[in-house]
Amino acid sequence: MKILVLNCGSSSIKYKLFEMTSKEVLAQGGIEKLGQEDSFLKVTLPNGEKKILNKFIPEHTAGVKFIFETLTDSEIGALKDLHEINAVGHRVVHGGTKFNKSVLITDEVIETIKECSELSPLHNPANLKGIDAVKSLMPEIPQIAVFDTAFHQTMPEHAYLYPIPNEYYEKYGIRRYGFHGTSHRYVSKRVCEFLNIPVEGSKIITCHVGNGGSIAAIKDGVCIDTTMGLTPLEGLMMGTRCGDIDAGAVLYMMKKENLTPDQMSDILNKKSGVLGMFGHSDMRELEAASANNDPVAKRTEDVYFYRITKYIGAYAAAMGGVDVILFTGGVGENQETARAGACKTLEFLGVKLDAERNKVRGKEAIISTDDSKVKVVVIPTDEELMIASDTMDIVKSL
């Protein structure tokens with residue numbers, strides 16, 4: 001069975017084509033600068049070679065059409081015919097309280113995703129454009145929606161409710177939803193296979209740390225809490241997002257600077273975090289500057305690591321212990337200093353990091369010592385494979 005996975009953003013479309021019997025990636029790539037004169041499609045061939053195809057791509061339907069043409073191209077394509085694709089799986093960012101699992105896309109599902117767009121105005125409309133594009137180009141093919149928020153719908157009320165007047169929760173659905181759910185679900189399942197431990201009885205803390213970042217507490221394979229909230233702005237310090245901040249501080253800045261809500265949102269989402277404190281959002285630059293004893297870099301790193309450590313401790317308490325601490329995401333998979341910094345003061349939990357093992361980059365590994373009471377593990381995430389797996393399971397059940 002061949003499954004195409006699409007991740008549509010406002011100005012980008014990423015894709016991966018899987019042969020699910022072997023879980024082999026047959027083709028992958030992405031359109032960038034969608035709608036701009038210098039838009040292009042970057043294709044990764046099966047041999048690892050990358051090709052850039054420059055073309056003006058005005059909108060999502062044209063973009064998906066170009067991807068389809070590339071997939072069946074006689075020189076660089078992976079397919080002879082588009083009908084070899086059995087189904088298309090879409091990443092959809094926000095499913096609100098309506099979706100606690102992946103679903104077959106119907107007209108009713110599309111309407112509900114539109115309703116959830118109020119909670120994710122930057123992402124859901126773009127996700128819908130991808131769905132509409134496939135529908136117009138291949139109307140008969142089954143399409144599946146896989147929601148970032150779905151995995152976190154198992155959180156208990158005491159974890160997802162905010163202590164604000166009930167009317168705002170009831171009228172507007174203001175509560176914690178959580179994000180990166182597909183990643184947290186994939187790595188939490190995969191680590192049980194990797195360590196050969198049962199899901200039942202497990203207490204796992206998954207740290208998805210990249211330009212965006214979130215942590216989840218997963219007990220018996222079920223999410224009981226996560227750091228992101230109504231939006232991806234809550235929780236950890238991130239590349240350009242502030243994470244946790246006193247709401248009073250936000251009101252104070254707005255008053256002092258005479259800022260509109262949109263201006264304040266732009267500051268908190270795009271100009272804060274590592275970028276705001278250090279001046280650059282790239283964690284590699286931060287790591288290099290800190291290694292050279294740059295005081296601003298060192299201070300920024302301290303705040304960044306501390307917030308990860310703090311949530312690990314909180315979630316160990318929430319679950320009544322922890323068996324596994326897992327790092328994933330661009331930073332979590334590749335930066336030993338971030339993992340070491342986050343685990344530095346966790347010995348009281350029985351965490352012992354092995355400095356040599358912690359040098360691993362981008363592959364599955366145990367990075368704790370043999371006598372560490374808590375296993376510390378790196379598991380590269382594969383959200384696309386998780387989406388493809390869900391898509392296959394639903395299509396098989398039709």
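The count begins at 1 with the first shown residue.
The backbone N, Cα and C atoms fix where each Cβ goes, glycine too.
Now, the feature entries from TrEMBL:
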| type | residues | note |
| --- | --- | --- |
| ACT_SITE | ASP148 | active site, proton donor/acceptor |
| BINDING | ASN7, GLU383 | Mg(2+) binding site |
| BINDING | LYS14, HIS208, VAL209, GLY210, ASN211, GLY212, ASP282, MET283, ARG284, GLY330, VAL331, GLY332, GLU333, ASN334 | ATP binding site |
| BINDING | ARG91 | substrate binding site |
| SITE | HIS180 | site 'Transition state stabilizer' |
| SITE | ARG241 | site 'Transition state stabilizer' |
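The two recorded residues LYS14 (ATP binding site) and HIS180 (site 'Transition state stabilizer') have their Cα atoms spaced 16 Å from each other. Residues LYS14, HIS208, VAL209, GLY210, ASN211, GLY212, ASP282, MET283, ARG284, GLY330, VAL331, GLY332, GLU333, ASN334 are the ones the record ties to ATP, and the longest Cα gap between any two of them is 24 Å. Taking the Cα of HIS180 (site 'Transition state stabilizer') as the reference point, the closest of the recorded positions ARG91, ASP148, VAL209, ASN211 is ASP148. Using Cα positions, the member of the recorded positions ASN7, ASP148, ARG241 nearest to the residue listed as 'substrate binding site' is identified as ASN7. Each of the binding-site residues ASP282, GLU333 was ranked by the number of other C-beta atoms within 10 Å, and first place falls to GLU333.
A separation of roughly 9 Å, to the nearest angstrom, links the Cα atoms of ASN211 (ATP binding site) and ARG241 (site 'Transition state stabilizer').
Following the DSSP three-state reduction, the secondary structure of LYS14 (ATP binding site) is strand.
Proximity of ASN7 (Mg(2+) binding site) to non-local residues of its own chain (separation of 6 or more, Cβ distance below 8 Å) is seen for ILE13, LYS14, TYR15, HIS90, ARG91, GLU384, given in sequence order.
Taking the C-alpha positions, the distance from GLU333 (ATP binding site) to GLU383 (Mg(2+) binding site) comes to 14 Å.
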